[in-house]
């Protein structure tokens with residue numbers, strides 16, 4: 001475009017932010033700030049997208065800078081902007097600041113309330129999320145379908161099965177909201193994570209609408225967590241028909257077979273992947289240090305500190321083994337020797353980001369990491385040990401939820 005205005009810049013930033021390209025969204029925003037005049041700078045629409053990008057990357061320091069810009073430019077009276085701020089602080093691990101921003105709002109709509117409910121839910125504070133919902137109702141705000149997606153997700157992360165069942169029933173009976181595929185998928189996830197796979201399967205059979213990929217995906221994910229081959233096979237059969245090009249479904253089934261020691265089945269699924277020309281989504285992790293966002297993948301050989309990172313991880317692993325750390329090598333989908341499997345898990349992207357954080361942050365400064373996939377069992381165990389071993393507060397947000405590690409304990413209670 002020969003001439004770009006605030007609308008065109010904002011539209012492109014929103015495209016990136018809404019399509020999993022948060023890193024690119026922030027890069028484009030910086031470019032916008034350099035190239036636009038003060039009188040045509042970013043507006044409230046731009047701010048919402050930029051805050052969404054900060055939230056996606058847990059880029060707290062950049063989020064704070066955006067908050068400052070919002071205050072200086074009088075955008076703090078616009079509801080969508082403040083709701084996005086609540087979400088950003090919550091997803092960056094600052095629940096207390098999210099609550100402060102929410103409490104300081106002159107007026108709130110259902111989106112504002114949903115932002116707070118979702119934030120507490122993602123951190124595993126299910127009962128708190130339900131209390132906020134009750135406060136919302138008492139303030140005369142009618143819940144939206146999104147309210148119940150957030151609530152059921154909160155119940156799932158906290159293992160609140162009875163509360164989740166009651167909320168699902170209340171949706172239709174008390175609030176006249178017809179459950180959508182997202183609500184059904186959340187219920188299957190809630191039951192499945194609680195190892196009530198039989199009930200989850202019956203719930204799917206009794207659905208009033210056609211189960212889609214989200215519902216079967218929830219059952220497959222839960223089957224993987226509990227290593228239930230029967231239900232994993234049932235869910236994946238449906239998913240291979242509905243989403244033949246989604247490599248993640250094949251990987252989850254292969255993971256389940258690997259944990260069950262069924263290596264012939266693992267090879268069969270991997271051949272199926274190859275025959276269809278599909279590739280597993282590579283694990284990627286991000287960490288913000290000194291307002292700079294750094295990205296890591298397990299095969300990253302271009303980072304100037306990569307050798308130092310690997311050396312530190314090897315040293316930490318050896319020292320932690322003496323303290324009781326046992327590498328969870330079952331997560332490796334290859335029939336290899338133990339030493340080789342340990343080498344593979346030690347190179348996971350979140351461990352590289354963690355090592356980078358340990359080298360480049362002060363002792364008192366928490367480490368914040370974002371992962372594009374689910375945190376594996378070994379990285380979860382490793383990070384718990386590091387938080388105690390290095391006396392470091394570590395926050396990791398994966399694709400499912402938030403993990404807050406401190407003194408060798410995770411906020412998820414090892415339930416994720």
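Cβ from N, Cα, C; glycine included.
Those TrEMBL annotations? Automatic predictions, nothing curated.
These come from TrEMBL:
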| type | residues | note |
| --- | --- | --- |
| REPEAT | 5-35 | repeat 'PPR' |
| REPEAT | 109-143 | repeat 'PPR' |
| REPEAT | 144-179 | repeat 'PPR' |
| DOMAIN | 324-416 | domain 'DYW' |
Original post:
Same chain, outside the repeat 'PPR' (144-179) by at least 6, Cβ under 8 Å from its Cβ: which residues?
Top reply: 110-111, 113-114, 117-118, 120-127, 129-130, 133, 136, 186-187, 189-191, 193-194, 196, 208, 400-401, 412, 415-416
**OP:** Please indicate, using numbers and ranges, the residues of the same chain that are 6 or more beyond the repeat 'PPR' (5-35) and have a C-beta under 8 Å from a C-beta there.
**Re:** 41-43, 45-46, 49-50, 52-54, 56-57, 59, 62, 286, 293, 295, 372
Original post:
By DSSP, what is the split of the repeat 'PPR' (144-179) into helix, strand and coil residues?
Top reply: 29 helix, 0 strand, 7 coil
**OP:** Grab the pLDDT values for the repeat 'PPR' (144-179) and give me their mean, rounded.
**Re:** 94
Original post:
Can you tell me how the residues of the repeat 'PPR' (5-35) break down into helix, strand and coil by DSSP?
Top reply: 27 helix, 0 strand, 4 coil
